[in-house]
Amino acid sequence: MKRMLSGIKPTGRLTLGNYIGAIRNFVNYQNDYEMYIFIANMHAITVPQEKAELKRNTKDLIALYIACGLDPERVTIFLQSDVHEHAELGWIMTCNSYMGELQRMTQYKDKTAKGETGITAGLFTYPSLMAADILLYDADYVPVGVDQKQHVELTRNLAERFNNRYGDTFVVPEPLVEKVGAKVYSLQDPTKKMSKSDANPKGTIDLLDEPSVARKKIMSAVTDSIGIIQYDPENQPGISNLLTILSSLSGESIESIVARYDGKGYGDFKKEVGQCVFDFLTELQNKYKEIISSGLIEKVIKEGDEKARYIARKKVNKVKKKVGLEIF
Ligand code: ATP
Ligand code: MG
């Protein structure tokens with residue numbers, strides 16, 4: 001079975017975008033791949049985090065992974081900072097990365113271009129840590145959004161560089177970009193990605209939003225004055241976004257939804273999307289509450305950490321020998 005690895009940063013409350021664009025795919029892949037899913041909390045601290053919030057977001061992320069359908073019996077779910085090998089291999093990867101290639105990474109490039117101050121050295125070098133995250137587990141595939149493809153390319157370069165210099169050590173991973181690039185947009189500005197760090201809460205649906213609040217957000221989503229329900233992201237980004245959401249959550253094709261709404265108005269359509277989101281969140285949150293109060297997340301992380309560490313340790317030992325960091 002091929003191996004797959006992915007992670008999400010606990011930088012905020014998970015959104016419907018994170019579910020539709022990432023977690024839902026992980027759930028689908030879990031039957032066909034040996035999966036490693038981690039909470040990228042060391043990446044989260046590349047930007048300032050408030051301690052209590054980081055802890056809460058981390059726990060919520062674990063509980064939501066499970067509530068969304070990741071099966072801890074099949075998937076190794078672990079906490080990045082618990083597996084010290086990430087920091088160890090991360091440093092070795094940093095020492096094999098060139099300043100030039102890190103300067104070309106979008107996050108750093110965008111922030112410097114905007115003249116942002118307070119950019120940490122961690123934000124500059126995190127792509128090297130991300131390479132370590134992937135290479136530790138000999139992952140064959142890394143499911144990513146288009147925005148993340150660049151990081152997997154860097155990982156491939158670093159793996160090949162290391163293999164050439166020290167002999168075959170790492171599997172060179174492939175990025176796996178979703179064929180149907182389900183991207184969810186802000187409900188208030190449907191040309192902008194829905195995102196955890198959006199300052200306007202009306203634009204995002206958090207997975208832990210009160211379901212009735214989420215329904216209201218759908219009802220007041222920005223649309224257009226065309227009056228026809230059709231999938232046309234260019235001219236009707238708002239309606240198209242709602243179609244993506246409804247189709248992703250219900251499993252009904254966009255064509256079929258569009259056909260059902262032939263000649264009907266936005267009001268009824270929004271009501272259905274709102275109800276669908278309401279039902280989805282209600283069910284998800286019931287599972288989430290059960291998981292949070294059951295002590296399951298502690299058990300899952302303890303077991304996941306152990307499994308991850310076993311593989312990661314072997315890899316780091318091998319790397320240290322090759323580099324000359326181990327003398328006996
Ligand atoms: P931030 O605003 O802090 O960057 P984010 O919501 O973009 O948060 P990430 O942690 O950067 O979340 O990404 C986690 C995963 O969710 C990635 O695989 C990313 O491709 C996916 N993702 C994030 N937002 C969306 C979205 N609006 N639509 C589809 N997929 C998304
Ligand atoms: Mg992001």
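Cβ from N, Cα, C; glycine included.
Those TrEMBL annotations? Automatic predictions, nothing curated.
Among the ranges 193-197, 268-272, 313-317, the one that TrEMBL lists as motif ''KMSKS' region' is 193-197. Taking TrEMBL as the reference, the stretch among 10-18, 109-117, 298-306 described by the feature motif ''HIGH' region' is residues 10-18. Taken residue by residue, the motif ''HIGH' region' (10-18) breaks down under DSSP into 3 helix, 1 strand, 5 coil. Outside the motif ''HIGH' region' (10-18) by six or more residues, the chain places 39-41, 44, 47, 49, 54, 57-58, 60-61, 64, 183-184, 193-197, 204-208, 245, 277 with a CB less than 8 A from a CB of the stretch.
In this structure, the binding-site residues that sit close to ligand 1, with a C-beta under 6 angstroms from any of its atoms, are Lys9, Thr11, Lys196, chosen from Lys9, Thr11, Asp133, Lys196.
Binding residues for ATP (Lys9, Pro10, Thr11, Gly17, Asn18, Gly145, Val146, Asp147, Val184, Lys193, Met194, Ser195, Lys196, Ser197) extend across at most 20 Å, taking the greatest CA-CA distance. Within the model, the motif ''HIGH' region' (10-18) carries an average pLDDT of 93. Each residue of the motif ''KMSKS' region' (193-197) gets a DSSP state, and the totals for helix, strand and coil are 0 helix, 1 strand, 4 coil.
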